[in-house]
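Taking it in order: structure first as structure tokens, then the write-up.
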Amino acid sequence: MGFRLSLLSLAVSLVALALAGVAIYRNTYEAMIMNNGSLLQNISPDIDSLESGEVSILILNDKKKNSDKYLSQQLTQESCVFSAVKGVVDSAIDNETRMGASLIRLHFHDCFVDGCDGGILLDDINGTFTGEQNSPPNNNSVRGFEVIAQAKQSVVDSCPNISVSCADILAIAARDSLAKLGGQTYTVALGRSDATTANFSGAINQLPAPSDNLTVQIQKFSDKNFTVREMVALAGAHTVGFARCSTVCTSGNVNPAAQLQCNCSATLTDSDLQQLDTTPAVFDKVYYDNLNNNQGIMFSDQVLTGNTTTAGFVTTYSNNVTVFLEDFAAAMIKMGNLPPSAGAQLEIRDVCSRVNPTSVASM
């Protein structure tokens with residue numbers, strides 16, 4: 001009898017265990033369904049493990065720390081570059097105020113021909129390479145090359161192991177020149193590359209000329225994706241600096257109504273200079289005031305008042321210098337981001353006036 005009771009007790013225990021197993025399986029299965037098929041386990045506190053959420057947080061924290069560290073290093077490097085260039089530019093303008101306008105113009109003449117690629121900085125090589133410097137719009141006209149060379153060397157000396165293109169340095173120099181002369185500063189993003197060539201004929205065909213009528217000017221700026229308003233704003237760069245008498249005070253280039261303002265010798269030598277407005281060392285709105293009074297020096301400037309749309313922008317800038325300065329800064333950012341020609345061979349030049357030894361300059 002006792003033996004039978006033992007067997008019955010054992011059978012009941014086995015049934016109970018089986019039922020418990022079914023219950024556990026059912027609860028686990030339901031938990032999986034409720035959690036989109038993911039089995040959530042409670043890990044015993046005496047096991048030296050971390051839950052997946054904690055692991056993810058640690059990974060994200062590590063990534064953020066690495067990202068913050070990289071960003072901090074990048075900002076430090078960029079700050080070094082900006083400081084090195086600014087020191088050279090400020091010194092150059094202190095020595096010669098006109099240099100500020102020259103650096104702004106140099107940047108414009110670089111970017112407007114096949115994008116901001118430093119092509120204008122390449123020296124000619126006798127018999128093998130003719131670049132943009134001696135193209136008619138630039139010959140004996142664009143200047144400031146020595147300042148860019150000094151700024152490049154300053155970056156090399158002050159910011160070791162930082163590779164910055166000559167095109168970037170030129171963009172920074174133009175921005176700092178504008179600020180130095182009283183214009184509105186703006187952000188210059190780094191990352192441009194230097195071309196291994198330049199475009200002699202492109203400088204002739206793409207750059208605006210003093211003799212261009214309004215239709216031609218609008219087309220040239222439209223080709224670079226500038227609006228008419230941006231074109232009129234960028235023309236305001238002529239509120240600072242000088243131009244050669246032989247360029248602006250000759251028939252076809254000069255505004256006939258303002259020709260008497262030309263303070264040039266009878267021979268019109270390249271050393272004779274004509275200021276472009278009455279405050280050539282200050283970035284202001286006087287240029288537009290002069291246009292409204294039909295006293296713009298260059299023909300291409302004065303024709304801006306000959307069209308209802310462009311004349312409206314001239315009046316806007318003449319009436320509100322703040323609007324002009326804001327529009328000019330925005331247009332300079334856009335110009336400074338003009339990309340190099342598709343398929344152009346690019347590098348970061350060691351010396352701005354020549355391609356690296358591994359490259360070969362070509363027309």
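A Cβ is built for glycine as well, from the same backbone N, Cα and C atoms used for every other residue.
Swiss-Prot names Asp277, Thr279, Asp284 as Ca(2+) 2 ligands; from the candidate set Thr227, Thr239, Thr322, the record adds Thr239 to that same site. Here the candidates are Asn42, Asn199, and Swiss-Prot annotates Asn199 as N-linked glycosylation site. Of the listed cysteines Cys159, Cys166, Cys245, Swiss-Prot assigns the disulfide bond with Cys80 to Cys159. Distances between the Cα of Asp110 (Ca(2+) 1 binding site) and those of the glycosylation sites Asn139, Asn199, Asn225 are shortest for Asn199. In this structure, the CA atom of Asn213 (N-linked glycosylation site) is 17 Å away from the CA atom of His238 (heme b binding site).
Spacing of Asp117 (Ca(2+) 1 binding site) relative to Asn95 (N-linked glycosylation site) is 28 Å (Cα to Cα, whole number). Between the CA atoms of Val113 (Ca(2+) 1 binding site) and Asn95 (N-linked glycosylation site) there is a gap of 29 Å.
In sequence order, Cys111, Phe112, Asp114, Cys116, Gly118, Gly119, Ile120, Ala167, Ala195, Leu338, Pro340 are the same-chain residues whose CB sits within 8 A of the CB centroid of Asp110, Val113, Gly115, Asp117, the residues recorded for Ca(2+) 1 being left out.
The glycosylation sites Asn139, Asn161, Asn225 differ in how many other CB atoms lie within 10 Å of their CB, and the one with the most is Asn139.
Comparing C-alpha positions, Asn161 (N-linked glycosylation site) sits nearest to Gly115 among the binding-site residues Gly115, Pro208, His238.
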